[in-house]
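A.B. asks: Dumping the structure here so I can ask a few things about it.
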Amino acid sequence: MGDKEIGSFPTTPRTGSAAPTPPISAPPSQLHSPSLTRSPLLSTDDHIQPASKTPKSSTPRIRTPRFITPLGSPIRRALKLTRFDPHDAWLPITESRNGNAYYAAFHTLCSGIGIQALVLPVAFTFLGWSWGIITLTVAFIWQLYTLYLLVHLHESPETGMRYSRYLQLCNATFGEKLAKWFALFPILYLSAGTCITLIIIGAQSCRLFFNTVCGGTCSAQPPTNAEWYLIFTSAAVLLSQLPNLNSIAGVSLVGAITAIAYCTLIWVISVVEGRMPGVSYNPVKGRTEVIRIFDILNALGIIAFAFRGHNLILEIQATMPSDEKHPSRVPMWKGVKIAYTLVAMCLFPLAIAGYWAYGQMIPVDGGMLTALFAFHGQDTSQFLLGLTSLCVIISSLSSFQIYGMPAFDDMESLYVKKKKEPSPWWLRLIFRALFGYLCFFAAVAIPFLASFAGLIGGITLPVTLAYPCFMWVKVKKPKVYGPNWWLNWSLGLFGMALSGLLIAASLFVIIDNGVEFSFFNPA
């Protein structure tokens with residue numbers, strides 16, 4: 001049977017006498033099922049259940065688990081006796097498959113826009129008007145192209161597999177050894193490191209909101225900085241108890257709306273209030289030419305950091321149903337286009353208006369949010385200032401959920417693979433609380449983490465701009481020396497070289513300018 005071609009077959013078997021049981025069959029594949037239950041899909045021993053009888057005239061068929069989507073009869077021929085892991089039906093990312101283009105847009109927007117956009121004007125202070133806008137535009141187009149590649153790499157025509165996690169695609173493309181060396185740390189940082197940064201920014205925004213609302217009228221003693229961190233983390237942990245990625249679609253929608261709201265409020269208020277007296281647009285120049293070059297590279301790292309979220313694209317696409325007639329890449333790409341249209345409408349005005357209003361005076365730490373309160377805290381409506389802070393808090397809480405989901409998935413997978421059963425609710429609660437409070441500990445221990453935007457951008461740049469190009473060449477195998485081959489190799493190699501330069505430049509700038517290392521002293 002291994003060499004026998006397996007073609008398409010009728011949906012309903014024809015009538016006929018029973019024939020001897022074929023060597024392999026399986027439970028019916030429910031490709032159009034709107035969601036996955038928490039029941040086992042296949043036996044934990046063989047993953048494929050033999051059937052008792054098969055209609056005489058039916059073509060021998062290979063059935064796949066519900067979380068594996070065959071994309072057509074050539075793939076069914078390629079699948080043959082491949083065994084699949086059924087445990088995905090019990091994990092947070094792939095537990096539910098009822099996503100759609102709108103859910104994808106909510107998740108993508110929530111992960112693609114946020115606090116990293118607030119420091120974009122800082123990059124302009126080193127690049128100037130022309131090069132700042134050109135660089136931001138090129139980076140936007142580049143990362144949108146690599147998003148397109150990832151969306152189309154989610155389903156492999158060669159194996160019929162759906163790569164539901166970024167690291168899974170890296171393992172399948174580069175091998176587990178290379179993937180661990182080059183992809184594991186940036187992906188882990190984009191998950192855990194972003195959550196730590198969100199706690200820092202969210203807690204600081206909580207303090208700003210309290211001071212704005214209360215001002216000098218409240219007699220209550222305000223919480224300490226560490227207590228604000230704890231309050232924000234506890235709220236994030238409580239919200240993280242929603243079971244899977246699809247169940248937080250509403251949370252992502254709220255996070256996306258509030259992110260758009262605070263980005264718009266900040267740049268509109270800055271424009272309405274007008275340019276600061278004595279504002280200068282001359283690019284900041286270092287003491288030497290070497291420092292000047294490193295400052296420019298550090299600015300490029302800040303722009304690269306603004307376009308994060310690629311490590312979540314495959315996970316978001318994994319929440320959608322898919323079959324040969326309705327592949328998941330169609331609604332996913334539709335959702336991405338919607339999301340990144342809105343991202344562009346936020347990032348470009350924020351960067352341009354912020355630089356126009358403050359020029360070289362833009363604060364390095366906190367960017368536009370710090371500038372808003374520092375320069376306009378007294379002459380702007382307290383309602384608008386409080387609303388802006390509240391939107392930052394809500395958006396940070398929402399983003400914490402989607403960036404924490406890969407970590408939740410990894411922790412639960414350890415239990416699922418060992419016990420061959422879904423995680424009980426109490427263990428899920430422990431896992432997510434443990435992750436949240438470990439991030440809290442790190443945020444309190446290193447509250448200056450947000451100052452390393454350029455370095456972080458350099459470290460994570462390959463995940464966004466380089467690896468998708470290499471994976472496309474390896475998986476899709478475009479014509480050697482053809483336009484597509486040259487494009488992806490050039491972008492991939494340039495992205496890796498740029499990443500190395502950005503890391504070196506960011507480290508130099510940090511050492512040269514100095515950073516106040518206030519361990520266990522949250523500001």
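Cβ atoms are placed via backbone N, Cα and C, with glycine included.
Below are the features I grabbed from TrEMBL:
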type	residues	note
COMPBIAS	27-43	compositional bias 'Low complexity'
COMPBIAS	51-61	compositional bias 'Polar residues'
DOMAIN	98-506	domain 'Amino acid transporter transmembrane'
REGION	1-68	region 'Disordered'
TRANSMEM	101-124	transmembrane segment
TRANSMEM	131-151	transmembrane segment
TRANSMEM	181-201	transmembrane segment
TRANSMEM	248-270	transmembrane segment
TRANSMEM	338-358	transmembrane segment
TRANSMEM	383-404	transmembrane segment
TRANSMEM	425-446	transmembrane segment
TRANSMEM	452-473	transmembrane segment
TRANSMEM	485-511	transmembrane segment
A.B. asks: Per the 3+ Cβ pairs under 8 Å rule, pairs at least 6 apart in sequence, do the transmembrane segment (131-151) and the transmembrane segment (181-201) touch?
C.D. replies: no
A.B. asks: Tally Cβ pairs under 8 Å between the transmembrane segment (248-270) and each listed stretch (101-124, 338-358, 452-473, 485-511), then give the stretch with the top tally.
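C.D. replies: By the under-8 Å Cβ criterion, the transmembrane segment (248-270) pairs most with 101-124.
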A.B. asks: Compare 101-124, 181-201, 425-446, 452-473 by their Cβ pairs under 8 Å to the transmembrane segment (338-358) and return the stretch that comes out on top.
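C.D. replies: Stretch with maximum Cβ contacts: 101-124.
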A.B. asks: With contact taken as 3 or more Cβ pairs under 8 angstroms (pairs 6 or more apart in sequence), are the transmembrane segment (425-446) and the transmembrane segment (181-201) in contact?
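C.D. replies: Answer yes: the transmembrane segment (425-446) meets the transmembrane segment (181-201) with 3 or more Cβ pairs below 8 Å.
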A.B. asks: State, in range form, which of 181-201, 383-404, 452-473 has the highest count of Cβ pairs under 8 Å to the transmembrane segment (101-124).
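C.D. replies: By Cβ pairs under 8 Å, 383-404 leads among 181-201, 383-404, 452-473.
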A.B. asks: Please indicate, using numbers and ranges, the residues of the same chain that are 6 or more beyond the transmembrane segment (383-404) and have a C-beta under 8 Å from a C-beta there.
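C.D. replies: Apart from its flanks, the transmembrane segment (383-404) reaches 107, 110-111, 114-115, 190-191, 194-195, 198-199, 201-202, 205-206, 208-209, 212-213, 232, 235-236, 239-240, 242, 245, 248, 251-252, 254-256, 258-259, 261-262, 265-266, 269, 312, 369, 372-373, 377, 432, 435-436.
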